[in-house]
C-alpha cells in the first residue's frame, strides 16, 4: 500500500462545496432518434408513437437494477469507484453475461 492505510486518501477533508447540477428527468436524454436506432438494430421496421415513453421506463428500471447491484459490489469491496468489473458481475448476476471487459 506504499505506506498509506486504506482509510484516508485525501477525500472528505472539507473545503469549498462545488455546485453540482441537480439531476432530474434525465431519462428524456434518451432521445426518440436514439430509441429508433436501437429498434432498427433489432430489426424493427415501424415504430408506434407510444413506444418511446415505454422504452424509457423499461430502460430506467433495467439500469436502476444493474447500478444497484454494481454499487453493492463496490461497497462490499470498500471502494468508492464503480469499476467495469462491478458492472460485469452485476449483469452476470442478472443472467446477462457480458464479454469483453475482463474477468
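Yeah, the Cβs are placed from backbone N, Cα and C, and that goes for glycine too.
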Look up DNA-binding region in Swiss-Prot and report which of 2-6, 7-11, 12-16, 17-21 it refers to.
17-21
Among 1-20, 41-60, find the range that Swiss-Prot records as region 'Disordered'.
1-20
So what's near the DNA-binding region (17-21) in sequence-distant terms, Cβ-Cβ under 8 Å and 6+ beyond its ends?
none
What three-state class does DSSP give residue 17 (N6-acetyllysine)?
coil
